[in-house]
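Take this structure, written in structure tokens, and hold onto it; I'll ask about it next.
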Amino acid sequence: MKLNLKASGVARQLTTLAKTVAALSVLTACASSNTATVSSAMSKANGVFLESQTKITNGALHFDGKKLNHNTFEKPSLGPEYDYFFGKNISAHGDAVKPYKHYVFMTWYKGGKEQRNVMLSRFNTKTGVVKTIQFPHRHTGFRGNPLVGESHNTIGLAVSPKNGTIHMVYDMHAYVDDDESGRFKGRFVDDFFRYSFSVPGAADVPDDEFTLEKFVKDTSEVSQGTDDFKHLTMTGNLEDKDNFSALTYPKFYKSKEGELLHYMRWGGNNNGAYYFNKYDAEKQVWTRFTPFNHKDQETHGNAYNWGLYGQMKYINGKLRVGFQQRSANNNDRYKYQNGVYYAYSDHPDGLGDWKNVDGENMTWPLVDSDEIKIFEPGDYIDHQEPNSVHIVGGFDWTVTENEDLHFITHVRSTNTKRSDYKEVSIHAFKPANAKDFTVTTDFTGADSIYTSGDSIFIIGLKNGYPFVEKAKGGTNEFEVVYQQTSGVKFDHGTIHIENGKAYYYLMEKGAGNSLPLHLQVIDLGVSR
């Protein structure tokens, strides 16, 4: 594999926004209706349009206080403001929205600071009803302190097409059993993993029957009481509990055959592994976790330990992994991440037959990440001093149904005040029939990249309003095909794409730690 480089100091110019705008009425499940304005000429020409907008709640949790650090997190505010560690977002964040038949399911935490309950909403597109279940569990907070918000503690969500069960994994950040002398001070003994699931058919019940009673209580020896819906393992066997320790970032996927897969990160930022498991709908139980790569890589012969920042995805019938590496070597050029790495499995469940981007067999579980490295974004900045290159955020990847492979990443100088400061956004892509990657800096950057059909999309917010850019798979020829220009302004959101539609789950801009959530369904104009 070779890299074809197309560097450019000039970012691509976005397509001029359309000349004509028209107000579109928006469907809402609330008493008051909302209106959004989008470019009508742009939307009509590309077949991309806002299908509906629905308010899900008026009060979801958001962190509105000060960002704390390792020197200040033990002294959070005792007032109404909600201080936090890492980021402000916890609702409409992570793997929080999934369509199923004529329903859309969404997870969130209840606002404000004193509430924090795990919540599950179901929007019935036929009746227009949003029905919400409140769970007893409340957001744990950073290292078990509920006064410090923790943005990593997202709520992963899935619905099984095979039996209509609902699955949620939530509110954890590498928690383990420890004692008073440990990092978590014994706060997570027999409570370090949180899994909730429903009885079969719960996803399909009438609106008035969608209640907490459809979920299965924990009656095991580690149950925390009669209203405990949290299970310590996904296998139903407490002897497996060590397999469910120290995990973060739950994410579910569904195969074309309706099988559910799930993965999480085991370990920490610079010493971690991706673990995945599968749901057996007939037995109504999940398998134990299987590693994609080994943690503690030095003990397996590698020169250093490393962690993963990216995603495992199930696309086109294959389990795939794309990530950037965070090395435990703190004296190299990279302050945080480096590299672009990719692998896929030809086994339907990912249990072997793993290959690099060129189709060559790799070691499984992986130890030496260089076996699957594609290129080094840090090479686009020539700084050589330790920790001088900053790569955080702006990384994602996808594969079209034609097998066009795309990666995006962002790199800059760590010191923003240095005289030779550099900042570069990169798009690397390989069309399905091409042997080599094209790597271009003629790219304005993005946080995520998506696919539907043979097209790729960048979807996000501009001035608080959703926009969509589209390009043909295997190219860098993006154009703006949708831009909302008025209506509710949003702070952030998370996106799930399925059957040619983007389910954009959004938090409204506002003040305080209890803010509204909305669901926009955007038709991407993809034939299906």
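Cβ coordinates are placed from backbone N, Cα and C, and glycine is handled just like the others.
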Given that Swiss-Prot annotates SER151, HIS152, TYR309, HIS390 as substrate-binding, name the residue from ARG138, ARG143, ARG320, ARG326 that shares the site.
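For the substrate site that includes SER151, HIS152, TYR309, HIS390, Swiss-Prot also lists ARG326.
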Given that Swiss-Prot annotates ASP228, LYS230 as Ca(2+) 1-binding, name the residue from ASP218, ASP242 that shares the site.
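When Swiss-Prot describes the Ca(2+) 1 site, the candidate it includes is ASP218.
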For the Ca(2+) 2 site (ASN329, ASP332, TYR334), what does the 8 A shell look like? I mean other same-chain residues with CB within 8 A of the CB centroid.
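Once ASN329, ASP332, TYR334 are set aside, the remaining close residues are SER327, ASN330, ASN331, ARG333, ASN338, PRO386, ASN387.
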When the number of other CB atoms within 10 A of each residue's CB is tallied over all shown chains, which of the recorded positions HIS152, ARG326 has the maximum?
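That would be ARG326, with the most Cβ atoms nearby.
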When the Cα of HIS152 (active site, proton donor/acceptor) is compared with the Cα of each of the binding-site residues ASP228, TYR309, ASP332, which one is closest?
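Looking at Cα distances from HIS152 (active site, proton donor/acceptor), the smallest one goes to TYR309.
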Highest CB neighbour count within 10 A among the binding-site residues ASP218, ASP332?
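Max Cβ neighbours within 10 Å, all protein chains included: ASP218.
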